[in-house]
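Undergrad: A single structure is presented below for examination.
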Amino acid sequence: MSSRVLKCRVRCRGAVLPGNFKIKPTKMRGVPSNGMLCSTNELGLPDDGVDGLHILPEDAPVGTNIREYLDLDDTLFTLKITPNRADCLSVKGIAREVSALTGCAFRQPEIHTAPITGSRKQPVQINAPADCGRFISRVIENVNAKAATPDWMKQRLERSGIRSISALVDIGNYVMLEIGQPMHVFDADKLSGSLHIRRAREGETLECLNEKTVSLSENTLVVADEKGVLSLAGLMGGAASAVSDGTQNIVLEAAWFAPEIIAGKSRQYGFGSDSSFRFERGVDYRLQADAIERATELVLQICGGAAGEMVEAQGELPEAKQVGLRLGRLKTVLGVDIPAEQVETILQHLGLQPEKTAEGFRVTAPSFRFDIEIEADLIEEIGRVYGYENIPDDYTSGRLKMLELPETRRPRFAVYNEMAARGYREVVSYAFVDEQWEQDFAANADPIRLQNPLAAQYAVMRSTLIGGLVEILQNNLNRKQNRVCVFEIARVFSKGSDGQFVQNERIGRIVVRRGHAGTMGRENAQCGFLRHQGRCGKSVEKQSSRVR
């Protein structure tokens with residue numbers, strides 16, 4: 001009988017496992033224990049599918065720190081990508097961006113063309129050309145669906161926040177993270193006839209990979225065969241055509257879907273995916289063939305098989321936009337004179353391929369940059385790469401000529417100043433008021449109602465300033481304010497005789513002064529209605545105008 005030495009992961013006393021579980025000396029069935037043999041789950045590592053201890057290879061060096069052996073001491077970068085930079089949602093995109101920022105040369109990933117040894121093809125037909133610009137399929141026969149995902153791929157997926165599922169699924173996710181193209185894998189033997197990229201039809205349903213069955217709307221793009229819907233395009237695949245351990249032949253899919261047809265579908269159906277996150281922001285429309293070749297290379301390497309020819313169908317693809325950049329405008333906006341040679345170098349590192357013109361450069365936006373549309377976009381790119389911190393602080397000075405205000409504007413500001421000089425404070429209230437206020441303060445039974453009010457108490461437009469002033473008065477009195485003198489000049493709204501809406505400016509004010517008991521009479525006399533009415537009239541009359 002031959003004996004085999006098993007090598008496992010062990011945590012000694014003093015170690016702390018996930019969940020704040022501390023290893024300390026204890027007794028197990030009466031035997032002293034100073035450590036613990038661990039599974040991958042207990043160490044917080046990706047699940048290896050083994051129920052129990054994870055057995056290391058025989059050549060694993062005894063006594064080596066598991067962090068060193070598994071290369072766990074990695075550097076984690078947390079990147080917050082803005083919605084306009086979907087090209088940076090991959091390692092390739094980040095490398096291209098780092099190249100632009102550092103000036104280092106960008107090296108394109110090597111994509112190897114797979115040898116064609118299979119005979120099967122998967123026909124494709126695009127029935128919605130405006131929604132799907134390109135769709136490529138490739139059949140790979142005789143794959144080993146039970147093949148294990150390599151540890152290096154598992155670790156990279158896990159560190160990128162993606163759970164390892166199976167080798168075939170992991171390969172699609174890996175290609176997406178590596179070069180930025182979402183992919184899908186079908187079981188070829190579960191398909192019937194050609195693949196059709198079309199809009200969903202009334203009454204169609206789909207059981208998705210997340211075990212959720214959804215009723216499809218006609219605004220949804222789907223991938224279907226002769227029998228029915230197979231997947232929600234760009235969002236999630238269907239359970240009926242998914243790969244499993246029994247899969248022998250697969251169809252690789254790489255497509256370009258218009259962002260407009262994918263946007264909002266995650267919210268509509270209540271779930272999203274890494275694919276939809278990228279498609280709704282924009283994917284490089286020239287990347288699909290490279291993605292198929294890269295995925296084929298990994299499938300043949302890990303799962304074996306025989307690859308057939310690619311089948312491509314094309315719809316309406318975006319047109320590359322040409323944008324001009326004027327060096328004079330660049331200097332005006334950024335406030336710094338950047339040499340033309342440096343501008344050209346920055347544009348080249350960004351992959352924009354500039355052409356010289358009389359005023360500067362002309363740039364053709366690359367297929368991976370959907371956000372380059374106008375000159376301001378190029379100026380922003382130049383400033384960002386050049387470094388805003390390199391732009392000197394310079395306080396621009398100049399002579400400003402004060403222009404006289406039009407006659408129709410002068411009285412209003414004069415009234416502001418006059419009211420403030422008489423001790424009033426200006427207030428600003430909402431133009432939206434409670435409907436009951438209109439009835440109470442303006443006897444308005446048919447106010448202008450809002451179609452989408454902010455709240456029930458802001459349902460109509462005011463036709464008088466009184467309601468807002470009363471509310472301000474109430475708030476001040478509730479806070480024990482003994483003296484309230486406020487005014488407001490603002491628009492009020494009403495319906496004209498022809499049914500059209502009319503806007504007019506009005507001035508309104510409200511005054512309350514509370515004195516002590518011994519002086520109440522005199523205080524009230526001084527603040528009587530007629531006296532303050534006279535003050536308001538004089539304030540306006542003094543400026544020889546009326547508020548318009």
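Each residue's number is its place along the chain shown, starting with 1.
Cβ atoms are placed via backbone N, Cα and C, with glycine included.
Those TrEMBL annotations? Automatic predictions, nothing curated.
So TrEMBL says this about it:
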{"type": "BINDING", "residues": "D371, D377, E380, E381", "note": "Mg(2+) binding site"}
{"type": "DOMAIN", "residues": "1-67", "note": "domain 'TRNA-binding'"}
{"type": "DOMAIN", "residues": "318-393", "note": "domain 'B5'"}
Undergrad: For a quick check of packing: other C-beta atoms within 10 Å of the C-beta of E380 (Mg(2+) binding site), how many?
TA: 15
Undergrad: May I have the list of same-chain residues other than D371, D377, E380, E381 whose Cβ is within 8 Å of the Cβ centroid of the recorded Mg(2+) site, in sequence order?
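TA: My list of surrounding residues reads I372, A376, L378, I379, R384.
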Undergrad: Can you name the residues of this chain that are 6 or more positions from D371 (Mg(2+) binding site) yet have a C-beta less than 8 Å from its C-beta?
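TA: When sequence neighbours closer than 6 are ignored, D371 (Mg(2+) binding site) has N84, R85, D377 within Cβ distance under 8 Å.
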Undergrad: Count the residues of the domain 'B5' (318-393) that DSSP assigns to helix (H, G, I), to strand (E, B) and to coil, and report the three numbers in that order.
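TA: So the domain 'B5' (318-393) is made up of 33 helix, 13 strand, 30 coil.
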Undergrad: Around D377 (Mg(2+) binding site), how many other CB atoms lie within 10 A of its CB?
TA: 18
Undergrad: Which chain-mates of E381 (Mg(2+) binding site) that are at least 6 residues away have a CB under 8 A from its CB, listed by sequence?
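TA: In sequence order, the residues whose Cβ lies under 8 Å from that of E381 (Mg(2+) binding site) (at least 6 apart) are I346, L347, L350, L352, I372.
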